[in-house]
Amino acid sequence: MVRPPFSPIHAFSLINGEVNGIRNPFSYQPWRDKKTFASMFDVLEADIVIFQETKIQRKDLRDDMVLVPGWDCYFSLPRHKKGYSGVVIYTRQSVCAPIRAEEGITGVLCPPNSSTKFADLPEGERVGGYPTPIQLASSPVDATTIDSEGRCVVLEFPAFVLLGVYSPANRDESRDDFRLGFLDLLDARVRNLIDMGKRVVLTGDLNISREEMDTANAEASMRKNGFADQEYTSTPARRLFNQLLEGGKVFGERDEGREQPVLWDTTRGFHPTRKGMFTCWEQKKNARPGNFGSRIDYVLCSLDMKNWFSDSNIQEGLLGSDHCPVYATLKDKIVLDGKAVDLLDAMNPPDMFVGGQRQREYSMKDMLPLSGKLIPEFDRRRSIRDMFSKPSLPTRPSTGLSIAVQECDLIPAQPDEPNDRRPVERETENLQIGESEPASPAPPMQDPASVKSASPGSGSGGNKRSVSEISTNRPLKRAKSGSSAWAPDGTGKGQQSLKGFFKPKTTAPEEAVGNGIAAAAHSRQHGKPGAEVVEQASQSPLYDSKSSGTRPTGISQGSVQDQADVHDPVESKESWSKLFTKPAAPRCEGHGEPCVSLVTKKSGINCGRSFWMCARPLGPTGAKERNTQWRCQTFIWCSDWNGLTRDDCGDGM
């Protein structure tokens, strides 16, 4: 469902999306046409945009993703792993401006160009709410490791603290400690901020489905792991998450320090009984058309902010990755500390908006140290001239060769002059004063008297020096393939393509006839004698027009035998085509449509083997079905299919 159009009065909204690479959305519509972040944000109609899994490093940042007109940006990038995780938050400068910005959830990282940790900054310069030493000690992973993967950006507005988070996924057991440690410290940071009296908005890909309603694979997962309903909801990560949420399913006594829920699930709050409200689908199984997915992307807020929001929903109709965006819209008027306040007043520094009216414009002094526009590579990059100018290269000392060329007059190439001299003259003409020859040393300086005697003004000889007499000590440029400068007679051309390998060779007599006809045509064109060559060729005993066959009468039997050994090019082409062409895909048994080939990646004896299966997406049940529009049960190993027999397909066609 695509988000409905805005009302005439602009509604402030924030949108969260897992993009699987910051440029990945540009491969889909509607982003494919313009491929700019500004146009993307206009389509999203949001004022705060949070992206996860950007998969870039600092060296990969480009102007178009940092210097977005009218927007500021705040990145958290992985320190070590390439093409991994990463979070960025974009804010529209015309309606909101954060007053503080940080990276990481523990406070152990440092601001740009500073050696002081965020947690050690003065009280008015830090966000606060960092995990205590006791909370850090309870984590199985140290704080520096937790924040080294670029998984959290924290922005503080006067209204609330915004956390953009990309939580680790449940891939295998080797990452269980890191995942639980990250979630444990995230829970501690959120609760500490709320205990300080600050409101919190937590957004991102948390990689946790809240309960059975939030995943299509719940029943299959419970059967696979032998879980009951209670055990499924009580897995460590899901239990921790539900203790954070109002209305979360928690069985048994709550953990110490998590006695009360502190966040509200905005999307589920506006759609409490909606099923199939999924935000992530497995692309390898093509599960999105059948809506066989999970809800793992959220916009959560403090309990005292529930009345601030007018809408929240998913945008499953917007393509851009294996996830869909989730948005939340805030009201124009909010209740802040018991008073009705215009939202714009609470989303900007105190003196920027009053009563919803702008008092001053956004300026450089409003930028925070973490802003992407203050990264040295992009700082003060506002001039087109600065963007395209390049530093001038140092000029090397001129050589004696440059002086010699300046003093000599070059003789232009004549039309009938051999072609092999012209490249030399062109190369010499391109030499300028101040150019250097890195590959050859400078020749010794000539005697000025000798140079003067060679000039046209001198009375000795009066003949100009030819360019070929000047020693350039420079290798000649190689002419293009097939150029007459290197092979004027056409010999030595060699085999130019695979096609020539199968082409029959032309015999010498036939070449003589062809050359004669070409020479006659050339002579007629230039009005020169020699037109009789065609007549001589036609009267030659090598070619008898009265003979019944097309074979020249003067060709020996040996030549005919040689031509008989030449392969038919059409037949050879068909043989090669059969060799390199893949066999036709089998058709599935349920729909009679061509199957798709995949590779087994599951460990075991069949790992790496290719197989054919129905190309249709999985249905809502997540299983292969019979007599439905979704994926049928056809399965064929590629090694068992030769593309010739239909019985091997197993579909009974």
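Residue 1 is the first one shown; counting continues down the chain.
Quick reminder: no glycine exception, Cβ is built from N, Cα and C everywhere.
Proximity of ASP205 (active site, proton donor/acceptor) to non-local residues of its own chain (separation of 6 or more, Cβ distance below 8 Å) is seen for ASN16, GLU18, GLN52, GLU53, VAL165, TYR166, SER167, CYS280, ILE296, ASP297, HIS323, given in sequence order. Look at TrEMBL and you will find ASP205 tagged as active site, proton donor/acceptor.
The site 'Important for catalytic activity' feature in TrEMBL is assigned to ASP297.
Feature annotation from TrEMBL assigns compositional bias 'Basic and acidic residues' to 418-429 (among others).
According to TrEMBL, the feature compositional bias 'Polar residues' maps to 452-474 (among others).
What TrEMBL records for 536-562 (among others) is compositional bias 'Polar residues'.
Here TrEMBL flags 564-575 (among others) as compositional bias 'Basic and acidic residues'.
Residues annotated as domain 'GRF-type' in TrEMBL: 588-641.
Residues of the domain 'GRF-type' (588-641) grouped by DSSP class, helix first, strand second and coil last, total 3 helix, 12 strand, 39 coil. Cβ contacts within 10 Å of ASP297 (site 'Important for catalytic activity'), excluding its own Cβ and spanning all protein chains shown: 24.
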